[in-house]
Every structure is written in C-alpha cells, then in structure tokens.
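What TrEMBL says about this protein:
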- 37-70: repeat 'TPR' (REPEAT)
- 71-104: repeat 'TPR' (REPEAT)
- 105-138: repeat 'TPR' (REPEAT)
- 222-255: repeat 'TPR' (REPEAT)
- 340-373: repeat 'TPR' (REPEAT)
- 394-462: domain 'J' (DOMAIN)
- 458-481: region 'Disordered' (REGION)
C-alpha cells in the first residue's frame, strides 16, 4: 500500500509548476528598483521551470535580499521550497507575501492548504474564508469552498478523537485520528495521540512508525526519541534502543529520562555483547555467568530473560553439559515450544546425555518449523544412527564412560575393568567363559575408543568391530583372539595377562 505521506509528497512536487502558470499574470509587476533583482527573478523562473530547484532557490534568495518588499520574489521562493519538500520554510514566505499583498488569493489559498496539512485548522479556515471574501477566481472559489468543508469535518473528527481518547477507547480514537492524518499529514498533535493509542493497544510497530515521523516533523523532539528507545527496549531490541536514546541525548545531553535510560541500556548492551563474544571464543561457562548477570540487570523485561535463557541453553549444549543444557532448554521451551534454535540445542544435549529417542523427537519437531535447515537434517540422522547403535553394542557403556570422555578416562576405566574381569580371577568354567567374553568386549572398547579414527566412525553410528559394517576392511578380532593385532589378551598357558597402556 502507498503511504499517505508519499502521495502527499508527490502531489507537492507538481505544485511549483502550477503556481508558475498562475503567477504568469504578474509578469508585468515591477520587481524592484535594481535591475539585478529582475535578472535574478528571470533566472530563478527559468531554472524553476527546468526543475533545477537548488539553483533557482539561490536566485530567489538574491532577489529577496535585493528587494525585501518584492512579494513575487517571496512567492516564487515559497514555490521552490514546496517543490523541495520544505513546507516549514515555505510557510513564512507565504505569510510575508500576504502581509505585503493581502489580496493575493493564490498565496493565501496555498498557505491555508499548508496550515491544513499541519493540523492548524482554525488558521486554515481563516485563510479559506478570506479567499472566499476577496473576489476569487472560479477555480480558487471552488477549492477554498471544498477545503473549508473539509476543515469543518476535520474539526468534528478531532473532537471525537479527543473524547474517545479521554474515555480510553483507544481503538476508536486511532481510527478517527487515521482519518485526520490522511489530510493533516504534518499534524504533530494527532500523530502524538495516535502513537500513544497504538502503545496502549500493544501495536508497537505502528507506534514506532508514528514516533519516527514525529522525530522529523517536530524539531528537537527528545520525547519521541525517548519513547522509541523505551519501546525498542521492552521489545528486547537493545541495540535499536541504544541508538534512539543516543539521538535524544544529542539534542539534550542533560535530559534526565534519556540519561537514566541510557545508562541502563548501555550496561545491558555491553553484557550481552560480552556474553556473545565469550560464546564465539568457546568460553561457555563464562558466557553462562554473563547471561545470568543479564537477567539480574533486567529482571522485568521478559524478552531479555528469554534471550538470556536461550543463550544459556546454547552455551551449555556447546560446552557438552548435556544434563544442565536439557534443563535450561526445557525451561525456554515451556513458554516458546516452537523455538527451533532451542529445540536443536536440546536435541544435541539429549544426544550428549545418550537420550537418543528424546533427541529424535526434538529434531523432528524442529524440522516441522524449519524444513530446509541442514543442521536439523544432519542432527536427526546422527541421533537415529546412535539410537540404532545403542540397541547393539555400546563401547562407552561397556567401559562405563560418557561419550565426551577423554583418552585418559577411557584408559583408566579400561584398566579397572580389565583387572576385574580377567579370566584368571574365575575358577568356575561357566563364570570363566562369561569373563572371557566380557574381557574381550572391554579390550575391544578400549581399542576403538582410544583410536581417533575408529572412535570417529563409532560416534557416527558405524561399529568398527562389526564385520558387516567393515566389509572389505581388516577386523582385528576376526578369527578369534589370535587376530587381535597379534596379541592374545589371555597370553599363553594359564592366562598370563599383560596390560597395554597405549
């Protein structure tokens, strides 16, 4: 949809050329005693017709300076200002024209139109009435009559809007103000009231749009920047909040509300940026502490608490703190069950905690909301492989270590279990047979998990000791104990067991 402001601006760009045609009848008017004023007027007129507005403006400036009582010079300069979209500059020139020549109906009609756009309805009506009482042309009379009727209708709407606002019927007030602003596009008061209506209605995007317009329509509008900053802050956008409050302080460094708010936003912004830097540096525990500080700094804005908890979930997942990550992520998902990033982080945490079925559920839920996410696809495939693998032999479980265990932990667990299940420790034939099988499993687990290449294969769902998944590859246990890389784990004779410390 094309905005009213844009349409109004396009219309204004054609006004100068219409006005030039209108004032052709004044070409015979003497422009001043100095011939240079006539030259500036003529050059300005040609440049205006050619659309060279900046150059035309320079000549009309010179003409006004050369003859301060030349109403045509003021009028044409106002025409250029309007073509440049500078209505605030055009208005004083039109007023000066009317002061010098009160019966110049074109200038008065144009001023009335500008006043109407600014929402100054009483002043606009006064100009339209004077046009009607000054022997206008048919075209001017028709326009003035139409604009006067429009002004009367706007006065009625303004009164209704104020009543609705006073009775806290913000929806009705916003609708009435919408009708007013369609015509009074530069009306500061109506936009301020509508912005407040939108805030009360929770329509923050619309409130932001009006407040941004107000920051341009009204000079030194610190209040608009302050409101923008607080809205962005409550929406959880700390960076935009900081930008807007800085604009406020540029206009008034001593503004109490803005300065107080600035200190809060700056502190929070710094904490969040620091936490994200720690995550990039893989200093995850420090990042968790920093985001916990964020929640203490701003406990009353839900968006910041949600952000902090989401990033804590992520940091813990990256830190391989499976159980803690699951707890943190689950808290976020209670209030935001479709958060894809948190679903992915919790799924990864479930994998770390060897809860593969739960991980699969989270990845499948995430996939429903983000179908083309390759991380979800890869994570789901990995979780499914690990689940199938968990139904078979799990070398981590055999040694009783986590999937995140370091090599030293694996060797330590292996030594302990090898001593415990050494077949020499058992005399009963059945128990010895059971111990032999257990001991082989322990040795295989150690062999796989201390070899980086074999461990990587296993972590991706492939069992390096399974002949079916190792087709065409050498299998160290194939053919019994004598295939164990040339080492019989039981030695010769009565099981002379030797530890391997590699």
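Placed from the backbone N, Cα and C atoms, the Cβ positions cover glycine too.
Just so you know, TrEMBL annotations are computer predictions that nobody has curated.
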Quick one: DSSP breakdown of the repeat 'TPR' (105-138) into helix, strand and coil?
26 helix, 0 strand, 8 coil
By DSSP, how many residues in the repeat 'TPR' (71-104) are helix, how many strand, and how many coil?
27 helix, 0 strand, 7 coil
When DSSP states are grouped into helix, strand and coil, how many residues of the repeat 'TPR' (37-70) land in each?
27 helix, 0 strand, 7 coil
Looking only at the repeat 'TPR' (71-104), what is the mean pLDDT?
91
